[in-house]
Amino acid sequence: MEHIYQYTWIIPFIPLTVPLLIGAGLIIFPTTTKNLRRMWAFPSILLLSLVMLFSTKLSIQQINSHYIYQSVWSWTINNDFSLEFGYLVDPLTSIMSMLITTVGILVLIYSDNYMVHDQGYLRFFAYLSFFNTSMLGLVTSSNFIQIYIFWELVGMCSYLLIGFWFTRPIAANACQKAFVTNRVGDFGLLLGILGLYWLTGSFEFRDLFEIFNTLIYNNEVHFLVGTVCTFLLFAGAVAKSAQFPLHVWLPDAMEGPTPISALIHAATMVAAGIFLVARLFPLLIVTPFILNLIALVGIITLFLGATLASCSKDIKRGLAYSTMSQLGYMMLALGMGSYRAALFHLITHAYSKALLFLGSGCVIHSMEAIVGYSPDKSQNMVFMGGLKKHVPITKTAFLLGTLSLSGIPPLACFWSKDEIINDTWLYSPIFAIISWATVGFTAFYMFRIYLLTFEGHLNVHFQNYNGKKSSSVYSISLWGHEGLKPINKNLSLFTLLPIKNNESFYKNPHGDIKKTIQSFLITNNCDNKKIVPYPHESGNTMLFPLLVLIIFTGVIGFIGIPFDQENMDFDILSSWLTPSVNLLHLKLNNKNSFDWSEFLTNATLSVSIAYSGIVLASFLYKPIYSYSSLQNFALINLFAKRHPKRFFSDKIKNVIYDWAHHRGYIDAFYTRYIIRSVRGLSQFINFFDRRVIDGIPNGLGVTSFFVGEGLKYVGGGRISSYLFLYLLYASIFLLIYYFDFTNININFTDQ
């Protein structure tokens, strides 16, 4: 068995072959490499498949033997300091390796078709392979030095991938925003690593955990110092996993290609923060204040992400806020001490969210054939609707992902999310109520996305191809029904969608549909003009990953279902994670026991809340298919708008939408109070440096220059002039000497 583990070090370097070969090919044979660019998808998929097979073998060994293997090479700098590099194989390593490789392979297959017409095809696959290398190196690291190196490489890859289309200003700004925001967390991570090394004298995880715990238990180090160090480490995870308050980069990161959104923001990069907290869990157990802080950050993030996702027009940004919310569930579980539940939800969410992102990519891909390449249109749900008739496979895949994320049994996320919610009752009833309410929010915003995208009519047919609105039907309210009035662009704090003159929020929602539907649109797609009456299903290489992810979404949740209550390792996941600790169960002296009646009671309530969210979304966003239905709806609306409570509810809706549209005003707060302050300080420092610090030597230099220039013209080359000046200076010197000598004699005489 050990001979398998000893080759684990090669795992991160296998995918690295692809970017090296692509770079060498572009240098040596640039024309041939570019002409045969699609050939590079095959080695990318093949090499990552080899890593997946190796990771699968390691996972099977971990489930059967629970063997932890570590290998270290020591690089001695001097007698007092030794730098060590190595790798660690444990259950957490095997789980993350499986996630990275399985999702990575599917994304590579999907990207071959999705990026086929992009000029940066080779660059895209080089970035993807290098990103996989960085993530695999991160999860196999055995010490903080390697963690930090690969942590920064992951951040660099995310910067390159988010800004892949860097010629678009919005994409360039998004990658800079992600980079700077993550630098804040990375600086905290670096300080925490240095602080722990100062306390323990080691970078190796196993030695560091043992020494730190001993110091805390024996009161050999001040508790505040240890708490500050662990808090700084947690700051790195907050930024990388888009937790409050460093979550602001995640929605803007959707400016990258959709496969990047599936890979980075579903299974890998944003999960790196969860991985770091899980890796440091033995360290956090002895600092309960930090665990409580982690739980607090998690509960704020999951609720904030759910509220912000409820009004998003962009399909990818809505899924990004959803990712932020689900990562909050994982962080909450880790803060409560529910290690198993956090990793369980990490697994189930990765496959479900990858399915949703790739499904949204198929939707965007089909919409681009009609609206052209314009993310503002192809990703805007206002232009969508009725796609279930045109992309049925994508619709089915997206629906299953939506049901899973909403917590509907027996799909994957139901099992993991309910386990977290059950544990919140043992930790804090307030947190349990918030997490339960967020289940309803999750079902609401996910079915809102589904209904606006796939149900009803294709809304892009209600406008001309040149973008001019031909009917009021085009202006679709974000609350579900179409509105006559266009959205007011004069945004204010509480009146994003103002209602004036006692108008109803749903007043006169429809015009004459028969006069607005156009039969077809002529677009320029891939340099070939052709008639594209409706969106079309994506190619097989884009649909195949969806089908595989459907299988994962359906069956992956069963690895955490208990089947034998007599045995402690009663399910695959518990056996995989052995030994693992649930602090909540230890407090109740309830070790690894499972109460099916309690689980079913809590599950029934959570599923009921989820169905309530689905019903609410269906009520607000239910499509209207016939003209008679439009007339009936207008008649109902005529009576409803006269009710005085209607105006109050409309104001509440506008306030909620204003909050979501402005991202909770957190970005505005940062811009006004932090970014402007830092920019003003930078401008002052720049002024002081250039005008004062540089002004002193520059002023002396300029003065010397002009004095020299003046003296240069004093002498004309005549000896008589030199003698005159000599005698003049000598006379002045003698006069000064005479008066000084006279004053000295007078003072001496007076004394």
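Glycine too: its Cβ is placed from the backbone N, Cα and C atoms.
Straight from Swiss-Prot, the features:
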| type | residues | note |
| --- | --- | --- |
| TRANSMEM | 9-29 | transmembrane segment |
| TRANSMEM | 40-60 | transmembrane segment |
| TRANSMEM | 89-109 | transmembrane segment |
| TRANSMEM | 125-145 | transmembrane segment |
| TRANSMEM | 147-167 | transmembrane segment |
| TRANSMEM | 185-205 | transmembrane segment |
| TRANSMEM | 219-239 | transmembrane segment |
| TRANSMEM | 258-278 | transmembrane segment |
| TRANSMEM | 280-300 | transmembrane segment |
| TRANSMEM | 354-374 | transmembrane segment |
| TRANSMEM | 425-445 | transmembrane segment |
| TRANSMEM | 719-739 | transmembrane segment |
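Beyond the ends of the transmembrane segment (425-445), by six or more residues, the same chain brings 295, 299, 302-303, 306-307, 309-310, 312, 318, 321-322, 325, 329, 332, 336-337, 405-408, 417, 584-585, 587-588, 602, 605-606, 609-614, 616-617 to within a C-beta distance below 8 angstroms of the stretch. Fewer than three CB pairs closer than 8 A are found between the transmembrane segment (354-374) and the transmembrane segment (40-60), and contact between the two stretches is not assigned (pairs 6 or more residues apart). Contacts between the transmembrane segment (185-205) and the transmembrane segment (89-109): absent, as fewer than 3 C-beta pairs lie under 8 angstroms at sequence separation of six or more.
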